[in-house]
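Worksheet for the structure shown next.
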Amino acid sequence: MAEEEAPANQNNEVDSRPILDKMPPIWSTSRQEVCESLDWFRSYHSGVYSSNNIVKGYLLGGFPSIRDIFAHDGRIIISHGGGGHESLHSKDGRLVPQAATDQLDKDKSVRALLNNHSQNRPVVLLVDDRFKLFPYNLTAKGCAYAVLGFFCITNVWAEYHPLPNASGGAVRYKFCFQWCQSQGDPWWLKSTTKASGSSGETMTSPPATVNVAGAENSFRKRNSGTLVKCEQCKIQTPQVYQQGWMCLSAKCEAFWKMTDGSCPPLQLDYAPSFLELAPPDGFPQSLPPICPATPQESGSDEITTSFAFTKGWHCTRCGRLSSRYVWAFWECANCHVRDTFMGKALFALTVFLSTKYRQQVEVVTRKNSGIIKSHSATYDVQGCRGEYVKYILPYSRGVIHLIRGNVRANREADAIFEQYQREAGTAEKLVFRRFPLRAVSRGPLLTNYFSQNSGEPYQYVGGTDNTVPFSDTAEAVNNALELIRTRAEAALNRRPDFNEILSAAYMEQQKMAFHSDSERGLGPVVASLSLGSAAHMHFRPHVKLEEGRENALSLVLRHGDVVVMEGAEVQECYEHTVIPFNFRIAATARWIGGDNASTFR
Ligand SMILES: O=C(O)CCC(=O)C(=O)O
């Protein structure tokens, strides 16, 4: 089955399958590595990844459903997928169980799979280490996911599956995938040395969508076995099972009934003629590349912070897919081969002009949020005047100060932005990396952005692994800290104490998700400097307040702005997220005391 409904294997069963004698040509240890590196599969939750109504990738995981098979050494794989499974859904921050429902031919994944079938478009199949039908133990090789290769869907049909839901069962679509032989033999077969992969040629592109109104007629493909016309609906469907023919058209009254009107037995065997391999001439003879191209190959204007540069890469030496987890280069997380591509430092003005921030509403407070905006006031730092505004939170929960930069006051910010880029590029003192944010069931999940911490360890991102003492801190970071102190002092009328500063770097489309700075021992003032592209910063009430999950306050942070969150309750009562419009660097300073404070600064 497609991975979506895979129950976690929590019984730590011993995997007695044989161990592969070589690494898969494309593999990874986490879903994030797959989704960030492989254009054919970018879905974190569903087992079916489609784009423009065409399935690109299909992930086989967990325990097979009844009658799912891996036949002809995996040249034929029958699987059911496409949603409608019993699952847990997130609603208002809570997980709510949802019962299994019928799959319909208009459901997003089923419709896209039907489209691939009718257009004969190849799908990349992947397996995870829990997929019981794959004959090898992937875990022993350190693989959680492996790419099998290109397959075409040679048959699609609907069945009725008994399920423990209110109606006792549900309609499920089955898909018969056949290996595209133009790739050579499957890589997991011991007798061959040929790797699965691309022919390097580009496939001529059929139209992206077709009318799937006639999806019920999807049985007309090759390898249909014996076709039988239903007396009731007049639709021809193949005899899939040896025990006899039954109508496989889900909308027919005779659906899933044998010709004598009885229900088929639970135990069914595939008819041998149905499982015969379809002749190779019916398959695409040239296939598109399966391995991701590096951004260098796709050309560049030296802007190395664009979305293409956030992608992971495929190590041609060991086959591992790795997320881009270091700012300054790509590195294979397995064999540590590196690929470096230096870009040029961007000027703050260039980044600023490349974003459409002017069209954004500057600040929005939700009507019933209880937040009061004070009149703006001016600050004066070393002869440079700027403006600041206070947002006073209800029930004395604290104050959010927005200290605006401006062209004159920003000279230092401009220089710090360029200095950050230079120092991050050399990766000597300033090594921006993406750190595991929290443990998830399928390998580590790295933060969406790059960071380095200085001073006290910051447990939320990387702890001591991500922390350098102030004595080793890059110039850009020291200068950012000084600028934050000076601006915050101007707005607060006192000089705040900071012993920790987290520098975060965002490439295009990267962001920091909703969180609160709930570090143990956190001091009451958290202040951050924005550099480069503008960003949205949204605040929403914490789920425990039961004030709804809508944003209470939305700010547009621009280059040179400093935001100060003042008061411990700001973090207890609100979560915040930062969504940059493009390449941006931020430095956030805090005081971390109590148990978390260490002696090194
Ligand atoms: O301004 C930023 O980019 C994010 C700051 C932030 O939310 C944090 O470091 O916790």
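Cβ atoms here come from the backbone N, Cα and C positions, even for glycine.
As recorded in TrEMBL, the features of this protein are as follows:
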BINDING   Tyr506, His515, His576  2-oxoglutarate binding site
DOMAIN    409-580  domain 'Alpha-ketoglutarate-dependent dioxygenase AlkB-like'
REGION    1-20  region 'Disordered'
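Structural mapping of features recorded in TrEMBL.
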residue: Tyr506; record: 2-oxoglutarate binding site; CB count, 10 Å: 26
residue: His515; record: 2-oxoglutarate binding site; CB count, 10 Å: 14
residue: His576; record: 2-oxoglutarate binding site; CB count, 10 Å: 24
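For the binding site of 2-oxoglutarate, formed by Tyr506, His515, His576 according to the record, the largest Cα to Cα distance is 17 Å, rounded to a whole number. Summary of the 2-oxoglutarate site environment: with the site residues Tyr506, His515, His576 set aside, the chain residues having Cβ atoms within 8 Å of the Cβ mean position are Lys511, Met512, Ala513, Phe514, Met537, Thr577, Val578.
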